[in-house]
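J.: Sharing the feature lines straight out of Swiss-Prot:
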- HIS79, HIS238, ASP242: Zn(2+) binding site (BINDING)
- HIS265: active site, proton donor (ACT_SITE)
Amino acid sequence: MIKQRTLKCIVQATGVGLHTGKKVTLTLRPAPANTGVIYRRTDLNPPVDFPADAKSVRDTMLCTCLVNEHDVRISTVEHLNAALAGLGIDNIVIEVNAPEIPIMDGSAAPFVYLLLDAGIDELNCAKKFVRIKETVRVEDGDKWAEFKPYNGFSLDFTIDFNHPAIDSSNQRYAMNFSADAFMRQISRARTFGFMRDIEYLQSRGLCLGGSFDCAIVVDDYRVLNEDGLRFEDEFVRHKMLDAIGDLFMCGHNIIGAFTAYKSGHALNNKLLQAVLAKQEAWEYVTFQDDAELPLAFKAPSAVLA
């Protein structure tokens, strides 16, 4: 059978919090089968757990948060969640000694390296996927996102940014998902922001960790980072990275075709909730062997070596 995945060992890293600008220690721990993805704040006494759950997601101006019933939150979970989706990690406990996951370089790549460093272990329990059975679409003004049935996981994302740094030919990206494709084509794409927004937020004591080290920064005309872009279409690739993380908030890889136009965290989450709320639109599936499994979810050679 296709088995659930966790880590082989505990790994730790430090980074800077986007909001506070303070050092954050991140610890990733293996977890037993059917645990799911658990985010944990150890700076609170007692520590507070936040299971990844579409209904717990709140989108703020700066990041995605998970919020519990007591309005306690953990922030900036989206890029780590994308790395978990990319490598198909089903069970993990993620600890931080702060109210937020460190921003690292603004992409998912540092988290991918950390997960690969820990090693991926298979558990003796069938991995559950969410398979889309009917088309589900959500809209917000001219923005929209939808899932259609498809035997794999495909993504097609279009942005509409009227900015000199973003050529019109670099506003759409489409791919057939796989762990290898995610690592090569998506994981390194960084988040982005306007210099004026960062300066304004920092003047109000917000976004204190924001810098050229953790984002693509633009003014009205150009990219300000000395090293430029990692891909010509890094902006839309990062929006796809965000979507991969947002859609994994149900704790399962999804089998279906995702298409979006100008979508963001809030609309991606709205789509996920709309799918899960419509019982006839999806089903849980497991697979007995590799031959049945959609190519999208075969483990990359580097992972289970």
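Please read every residue number as a count from 1 along the shown chain.
Yeah, the Cβs are placed from backbone N, Cα and C, and that goes for glycine too.
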J.: Measuring Cα to Cα, how many Å separate HIS265 (active site, proton donor) from HIS238 (Zn(2+) binding site)?
T.: 12
J.: Neighbour count, 10 Å Cβ-Cβ cut-off, for ASP242 (Zn(2+) binding site): what number do you get?
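T.: So the Cβ neighbour count for ASP242 (Zn(2+) binding site) comes to 24.
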J.: Quiz question: given the recorded positions HIS79, HIS265, which has the greatest number of C-beta atoms lying within 10 angstroms of its own C-beta?
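T.: Highest number of other Cβ atoms within 10 Å: HIS79.
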J.: Near HIS238 (Zn(2+) binding site), how many other Cβ atoms are within 10 Å of its Cβ?
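T.: The answer is 28 other Cβ atoms.
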J.: Starting from the Zn(2+) site formed by HIS79, HIS238, ASP242, give every other residue of that chain whose CB sits within 8 Å of the mean position of their CB atoms, in sequence order.
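T.: What remains near the Cβ centre is GLU78, ALA82, GLY106, SER107, ALA108, ALA189, ARG190, THR191, LYS239, MET240, LEU241, GLY245.
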